[in-house]
Structures are given as structure tokens and as C-alpha cells.
Amino acid sequence: MRSSLLTGAVAAALSFSGYAAAADAEAWKSRSIYQVMIDRFARTDGGSVDCKLHEFCGGTWKGLTNKLDYIQGMGFDAIQISPVIKNMDEDTAVGEPYHGYWSQDLTTVNPKFGTKEDLKNLVDELHKRDMFLMVDVVVNHMAQKFDNIIPPKVDYSKFKPFNDQKYFHSYCNVTEWENSTNYQNCWLYPFGVALADIKTESPDVVTLFTKWIKDLVSTYSIDGLRIDAAKHVNDEFLPKFVEASGVFAFGEVLTGVTEDMCRYQNKSKNLLPGMPNYLDFYPLNAAFNGGDFERLGEIRAQAVDSCNDTLALGTFIENHDMPRFASQNDDLALAKNAMTYVIMNDGIPTVYQGQEQHFKGGETPSNREPLWTSNYNTTAPLYVLASTLNKVRKNAIKQSPDYIKKTSDVLIADTNHFCQSKGPAENAVVFCITNKSSQGDSYEMTVGGFRNSDEVVEVISCASSTADGLGQITAYMGAGEPKVWVKKSALEGTDICPKTTVDGPKENSGVVAKGAASAGVLMAAVLGTASLLL
């Protein structure tokens, strides 16, 4: 069906490039996603304009198409874009619908972002580059401006195809966030805009939605979906909707509680194939802002036990709903560590536009800055880091498909460090992140995860070393920088660290005398875990 939308040589090429399997979760696990808010990424004219963040700024699908080199230069091979459907037109007390989440007409694409042809051209260009497209969709509500008088006065005839009040729940405001009846049947956000809650348990609604999503996916050759506010629609609707789409889907379930999230993805009741990983998001943020990594290790273990497939979760540290990472602490070393976790962790890496430019916006809409203010700087430290790490991840998958099929082993999760080994022993990728910041001290740290005499390269500094008889290496830590190691032989034929230096103590590093390690550290070494030599 997708090839029929393309022509000639392009269709022939894509018939061999895996697009028939693009809907499959396994195909998405190998991908690395760059999240785009269309209105804030790039304008058609390529220009840079000042705009108020609660109003339209002029980003378009054509603008995105023209800037795909910027995304591909970081190594991302999938993009997630904001909703494509026509929204309400009015300005409101909370701004204009520049974000695309206030749907009114599901049968028409959003003219603010371009034409049907512009959207199809974007998809064609992505597929020529062997990149996937994930589209955000809203199924919980339709939107109209209202004057903040409760209950909202809604003209249901304006909605397409849900043009009758019978398709909606009667008004009530969501107030009980632990009560599924309340948060699934009542209306969200009753200020400035009325989000009329769709009755997704209705057979008529299910029929209309499943037909719509089939048409949308086939018309625009979409490879995956993000389902906005999935937690707020009734459970039974979700698997029907995903099945009708025929593609992989993330469903947004905004919770940091393991049992709340994993009930959407377990063996007895698999409601969603994947979700943005809020279980990691909260403890990871806390660890970089005065906390420790112990809680992150605990949550990860709980998720592996409770969720059906944590490898299909999307790892992230920023998105369009949350304050930027740097809004809490703008230390660049911490941001590098966060980026390293996102890309090298289990699951599907998801980086929100502007993260690579170290944007610092806080609450919405400050976290939705136009990317053109960065001049699309491809030498920014986080841009360069993302490019390197995506190369390492792709190479690891090429070396062994098991890299994305098995969960990683946590080597250490303590106050200041989180280290893990991922992939088969013969081609392990090991990383360590720290929350010590750029003001962190210099010290040595013993890290396991390799085999006896493995020659390894730390890919950020391109420093090489050799594992000892226990498969351990000495990490020379300093200035709060993250570390990522791979076997030297795995880099042959790549452009990752073509020249290496021998790793060793840095100036002013704390040198530890042999034999000074405690019995506990030695026991950790025997068990193959990481240990600190303080």
C-alpha cells in the first residue's frame, strides 16, 4: 500500500528497505527518534523571525523537509511530529493552537503547516533517506474556544466527523487523578479552551476512529503513532485503535508509578505496544538535581518485572510537555550525561528538538522555543555528542541484533553513578553517567562488563585501554563527563574514533594504590560489577 504512493525507482528501492515491516515494534526498536513540533522547527522560507511563544511562529512541513540534513546529521533515523489535523482557528486565553493538539476536523490536514502534498513530500523524502515517520494523534477530545463559564457551551456541529453531542461525555472536570472513571470520562483543562471528551467506549466512535486512522496511515504512508493522552481514553479502545492503524504506537501514559504504567503493557492485558518511558524520566531527573541513581536502578528493575516489553518504551529526558532539562540546572556536563542515558539506554531513544542546542525553557510554552534561534548549530556540544552516540548504537545493532532484544545489566547505581552493560558479552557496550557536574573531581573507577584482555575504546574521548583478567577497565573520571566504551574491534570499518590515545590518569587525578581497595570493592569485582576506588 505504501509503495503505491511512490513512483518508479523510489518505490522499487523502498520495496527492499523494510517499509513493509515499519509497523513492527522490532523495527522501531532499532530506530532513534527526534521529536519535532512543526510550528517551532523550521519555516518554509528558512528564515528566523521573532514570535510570541503562545502564538503561531510559522514552522511548516516544507520547512522540516528542507532541514532533514540537520536531523540526519545527528544520526536520527526517525522523527516524531506534532499532530497534522486541522485545529480550531481562534486565539484563546491560553494562546493559539500552534501545537496542533486542539482538533476540530479530522478529515482535513492543518493548513497552518502546509498542504496534503507538502505532508506527502515530507514522508517521501524521509523514506528516501530510510527514515521513519511517527505522527502524534489526538483521540481523547475535540476542542473549541470558550469563555470560562461552566459548563462550556460547545457547538458540536463544528466537529468532524463527531458532529453531534451523542459522541461526547457530559461535562465534568477531571479532579480525581487516581480514579480511572473520572480521568477517562471527564474533561481535561477547562480554561480558555473546552476539550470536549470523546466517548471512546461508544461503538459508533470506535468505528469512526478506526476508519479514520486506517485512511490517515495509508494516505500518508505513516510508520508509527504517538497517541496523545492515552491514559484518558477507555482501556478497550486503545488496542482496537492500534490494530486498525497497522503500525507501532507509543501511547502517552503520564505516570511515574510502575503499576499504573505497566498495566497498559503486560502479558494478560496488552493495551499498548509502547509508551514514552516516564518511569525512567522522573528518577533520572531527580538524580541530576540533588538526588541519586539508586531509585533509578530500583524503578528499572520493577519495570522489567512488571511491563511486557521495556525495550519498546521510549527513553527521554525532554519533551514538549515538561520543563527543559537545562531549566533546572544548565550545567553542560549534566546535559551530556542525560543525553548519554537517553541514547545508550534500553528502549527507543527520543530526543526533543532543542535538547541538542541546550535550550533552557521552563514550563509551557517556554519549553517550545523556535529552533531557528540556534541557527541550527551543528557544532554545538550536545549535537556532536548525539551524533557520536547514535553511530555507536547503530554499530552495536549491526554487530549483534541481540543488542536491542535483551535488557541491559546494571553494573552500578549509587549516589553519583549509573553504569550499565548492554549487548552480548563478545560485543558489549558499557556506559557510566555521573551527576557530579562540570565541577566534579578527578578520580579512577573500576568498571566491569568486558572479557579478559578485551581492547576497548572510550568513544567520547577516543582513549583506549585493555580489560584485566576479570573483564574490568579503569575509568579515568573527571569534570563530570560521561563515558561510553566499546570493543576496539567493533569499530573497524567505521568512522568512530579512527585515532585513539592510550587512556591513563589525568592531571590532578586521584591515584589509588594497588591493594588499597576494600573487601567490598574486591567482592564487587569478582561479581563483575563496577566499583569505586576512592
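Using N, Cα and C of the backbone, Cβ positions are placed for all residues, glycine too.
Looking up CYS462 in TrEMBL gives a disulphide bond to a cysteine among CYS432, CYS497, identified as CYS497. Checking the candidates CYS186, CYS307 against TrEMBL, the cysteine paired with CYS262 through a disulfide bond is CYS307. Counting only same-chain residues at least 6 apart in sequence, those with a Cβ under 8 Å from the Cβ of GLU252 (active site, proton donor) are ARG226, ILE227, ASP228, ALA229, ALA230, LYS231, MET275, PRO276. In the predicted model, residues of the domain 'Glycosyl hydrolase family 13 catalytic' (35-393) average a pLDDT of 97.
Reported as a whole number, the C-alpha separation between CYS462 (disulfide bond) and CYS172 (disulfide bond) equals 58 Å.
Sorting the disulfide-bonded residues CYS51, CYS172, CYS262, CYS462 by the number of other Cβ atoms within 10 Å puts CYS262 first. Nearest by CA distance to CYS51 (disulfide bond), out of the recorded positions CYS262, ASP321, CYS497, is ASP321.
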